[in-house]
């Protein structure tokens, strides 16, 4: 039987636990206090052992780090699951993984963190030639290649019932694969594709889980060392975990690590990344104690009541504020007018949408559909090094804008590898060059917005690189590469920024997924026609995430919640009877 607690409750520190906590329950406050309690009272930490505190986003990590303060920070490892597994399993124990010939599976000398999976055309050509046969080169034809690259980016490692890992295409891309006549790929062929990158020391975010799982499975002694290092492991947002992560957690619990998980299955919205909400619902360990937190400390009575009508499950939330607040308001009409309406009421209102294209249109007041310019750019430019140079430079500046300095430096350092005389650049020099480059590019950010990609690369970036004694990572854009030359003169730096997919977006206009874990006084959720049925006929327990995504968006609001819909049919008015409806 679950025991009721609130954000100030103290629980036993030497017992596995699971906490069901709805939106605004105060779980970050509770988790911070629990970590402090363990630090103060545990007899198992000693001089070298630490507490692992795993969050879903870097924003959540920073929030907990800030609340704990520097005095206890050294004894607590705070970060995302990927960063944790890379730092404590893949990086120190990667040498244990060998290929069929007994050679290291990963080029450890060149391995430097884990990155976004950006398909490399030259690697793909070699792979097709060696594994699929030259007759499959039709996949690189102009009418297929962009969709083919999107498919390659969207393969994930899946844990099967026999505890084996398979590389599978995400379900939403299976129709695309069929349309481009992508042949059924064997696991051997897919693993060979990955090995091309690993041989260069490049591992992608999704590979971290695969490699960590393999190390723990093939070398069980590693789990003992890890458990000794981390006698406590606490995981927030566990409803968005996937079976590989769950399996690793269970292995740690089977040793002497005390495991605590916190989550809410009605806020599970990452099915497309392999998350299984059932993993949280049925999560069990020996002598695990279950709790629930029914309070909503964030929202007003009216918002909590509206949310409860969508949720409709056993966890009945109560508004801790106990203040009616404004009615939930439905704005019927054009999304740009809804944005103007809400901005006049609160210029710091957060605007949330379901997809990146809607966010881009709202952010930049543009109806032009750009699609993924970065994929298109890489397809028509044969120089992959140039593509990565431009990408890192643009991305790093936007990360600085979001105050993510270390992430920006990590990207920019990848640009600098060799001096002009061919000697390798030291890590210290790399960091120095990266800092100077970012400072200069950031100071030019507003000016660069108006420049074509051609001007930005051939003039701005070249002028900055000339300051350093380095080998240029990129060749100039010329008419010899006609398609990319035309592309670079058609699109601007601003277009490329608009097409970026930031993993975490801290701007006031963002997708619902990127607002996870955040809260705002005023929230406007923009819905399109295809989203309306999840508002009028919510199915919170559906296999698909659609209703839960709306629920997460709505539950970010503290004081005022606005929902924009394109139209409202007469027979739907009664469903929104407790809301204020305004035609705009």
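Keep in mind that glycine also has a Cβ here, set from the backbone N, Cα and C atoms.
Here is what TrEMBL records for this protein:
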DOMAIN    1-300  domain 'UvrD-like helicase ATP-binding'
BINDING   21, 22, 23, 24, 25, 26, 27, 28  ATP binding site
>> Within the domain 'UvrD-like helicase ATP-binding' (1-300), what mean pLDDT does the predicted structure show?
In response: 94
> In this structure, which of the binding-site residues 21, 24, 25, 27, 28 has the fewest other Cβ atoms within 10 Å of its Cβ?
Replying inline: 28
> What other residues of this chain sit with their CB within 8 A of the center of the CB atoms of 21, 22, 23, 24, 25, 26, 27, 28, the recorded ATP site?
Replying inline: 7, 264, 293, 295, 296, 297, 298
> How many neighbouring Cβ atoms, not counting its own, are there within 10 Å of the Cβ of residue 22 (ATP binding site)?
Replying inline: 26
> Taking each of the binding-site residues 23, 26 in turn and counting other Cβ atoms within 10 Å of its Cβ, which one has the fewest?
Replying inline: 26
> For residue 22 (ATP binding site), which DSSP three-state class applies?
Replying inline: coil
